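Here is what Swiss-Prot says about this protein:
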- 2-157: domain 'Globin' (DOMAIN)
- Y30: site 'Involved in heme-bound ligand stabilization and O-O bond activation' (SITE)
- K105: site 'Influences the redox potential of the prosthetic heme and FAD groups' (SITE)
- H106: heme b binding site (BINDING)
- Y116: active site, charge relay system (ACT_SITE)
- E156: active site, charge relay system (ACT_SITE)
- 168-456: region 'Reductase' (REGION)
- 171-278: domain 'FAD-binding FR-type' (DOMAIN)
- Y210, R227, Q228, Y229, S230, M449, F450, G451, P452: FAD binding site (BINDING)
- G320, I321, G322, Q323, T324, P325: NADP(+) binding site (BINDING)
- E448: site 'Influences the redox potential of the prosthetic heme and FAD groups' (SITE)
Amino acid sequence: MALSEDTIKAVEATAGLIAAQGIEFTRAFYERMLTKNEELKDVFNLAHQRTLRQPKALLDSLVAYALSIRRINELYELKGKDLPWTGHLAELQGFFSVAERVANKHTSVGIQPAQYQIVGAHLLATIEDRVTKDRAVLAAWGKAYEFLADLLIKREEEIYAETEGSEGGWRQTRTFRVEEKARVNEVICRFRLVPAKGGASVVQHKPGQYLAIFVRNPELFQHQQIRQYSIMSAPNSAYYEIAVHKDGAGTVSRYLHDHVDTGDLLEVAPPYGDFFLRYLEAGEQAAADTQASSEFQVLQGRAVNFAAEKTAPIVLISGGIGQTPLLSMLRFLAQKEGRETARPIFWIHAAHDSRVRAFKEEVDAIREAALPSLRVVTFLSEVRATDREGEDYDFAGRINLDRIPELARLEAGHANPHYFFVGPTGFMTAVEEQLRARSVPDDRIHFEMFGPFKASH
C-alpha cells in the first residue's frame, strides 16, 4: 500500500517536532502504553525503560523512519508496479538494517500482529497529547505507522516460518534443560542447554546469533522477564551454550547465577539475530539468490559471503562478555577451515583485569588444535603484580588497534580485513572511532551493541 503525497508531507513536517521533544516523547508513550496494557510488561525489558535506553532507541528509529519515508514509499511503489526497485536499496540500507534488527528482536520475544495495533493506538495518542491535535496529521501518522507495521509483520512472519521450517526448529518457546552449569570466574557462568525431550535436535544457529530466555518467578519478580544471550558454541544440532555475566543490577543475570542449576528447565526461543558470520557454500548461495524476493533478502544476498572470500582476513574484537558471539564465529571457522585456512584471523580481547578475563583456555585450545596461525592479542585495563606480559596479557591499558602493527600491514597491503566487534557501549564507541580513523570501509565494519541501540552493521 503506497502512501499519498499529503501523508508523506504531514509526517515529514512533524518529524522535527517529535525529535525536539527528545526522549520525553517516547518515555510518555511507554508510560501510557505499559500503564494501560499491563500484559506488555511481560514482553518489554523494564530495566531498559528505567535507564531510558529503550525510549532513546525508539525515538531515534521513529525520527529516522519519518525522514526516510518518501524514499521508502518510492521503493514500494516501484515494487508494486513490477518496476526495477532494487536500486533504492543502497541509500535505504541503514533503514532496512534497523528494521531487520527490530524484526529479529521481535521474533525472539514472540511479538504478534495484534500487538502492533496496541502500539499504534498509544503512539497516535501520544502524538495527539504532545505534538498536535490536527486530525489530518494524526490520520497521516496512522497511515505511516500502518505502513511500517505491515512491513515488519511480513518480515517477522518470514523469520518465524524459516526458523520453524528448519530441521530442529520451532516457533515461540520450547522447554530446555540445563545439562551443565559451570562457573567461569567470579562474574561469569556458562550454561549448556539441551531439549527437555531427550534425543530431540535443535535448529543450528548462525555463528553470532542469540537465544532469548523467558523467566517467570513470582516470588522474585512480578512480571515475566525476557533476555537475549549470545550463543558461544559452534553451530550444531544437539545443544546451545551461553555465558551470562552477573550484573549487579541485572534481574535475570542474577537469577540465572543464583537460582538456576544443572537439571533445571528454562523456556527458550529459537536462535535469532542479524549479526552473524555469513558462510554459504556455492549451492547454498545459489538457492539463497533464487529465493531472494523481499528487500531484506536482497540486502542479505549482497552481504559478504566468507565461504566465497576464502582469503579475506577476519578480525574478531571483543570487550568483556562481548566475546561470546565471536567465540561462536571462531569455533565455526575452526570447524570449516581449520589448519587449511588461507585467511589471517585475529582474536583481540579487552578485559578489566585477568581475574575477570574469560575463555582464555578455550581460545588457546582452538589455536593449538585447529588454527595455529590465529593471532591472539589481549589488553588489560589493570595489570596485577602476578600478571605476566606475553602470557596473561599483551598490552596494558584500554584497547588501541594502533599497537598491533600486523593490522596496519594488512590494511596497507590492500587485504582489507573484516572487523567484527562486540562489547559494552564505551568500548564499541572507541573501536568504531579507531576503525573510522584508519579509513576502514563501511562494508568491512560489522558490529553489534548489547541492548536497544544501533542496528548491527
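Positions of Cβ are set from backbone N, Cα and C atoms, glycine also.
On the structure: features taken from Swiss-Prot.
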residue	record	DSSP class
Y30	site 'Involved in heme-bound ligand stabilization and O-O bond activation'	helix
Y116	active site, charge relay system	helix
Y210	FAD binding site	strand
S230	FAD binding site	strand
G320	NADP(+) binding site	helix
P325	NADP(+) binding site	helix
E448	site 'Influences the redox potential of the prosthetic heme and FAD groups'	strand
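Summarised by DSSP class, the composition of the domain 'FAD-binding FR-type' (171-278) is 9 helix, 42 strand, 57 coil. Long-range neighbours of Y116 (active site, charge relay system) (same chain, six or more residues apart, CB within less than 8 Å of its CB): A149, L152, I153. The binding-site residues in question are G322, P325, and the one with the fewest Cβ neighbours inside 10 Å is G322. Proximity to G322 (NADP(+) binding site), judged by a C-alpha distance within 10 Å, picks out E448 from the recorded positions H106, Q228, E448.
Within 8 A of the CB centroid of the NADP(+) site residues G320, I321, G322, Q323, T324, P325, the other residues of that chain are S230, A243, S318, G319, L326, L327, V422, G423.
Taking K105, H106, E156, S230 as the recorded positions under consideration, the smallest Cα distance to G320 (NADP(+) binding site) is found for S230. Cα distances from Y210 (FAD binding site) to the recorded positions Y30, E156, I321, Q323, T324 are smallest for T324. Neighbour density for G320 (NADP(+) binding site): within 10 A of its CB lie 21 other CB atoms from the protein chains shown.
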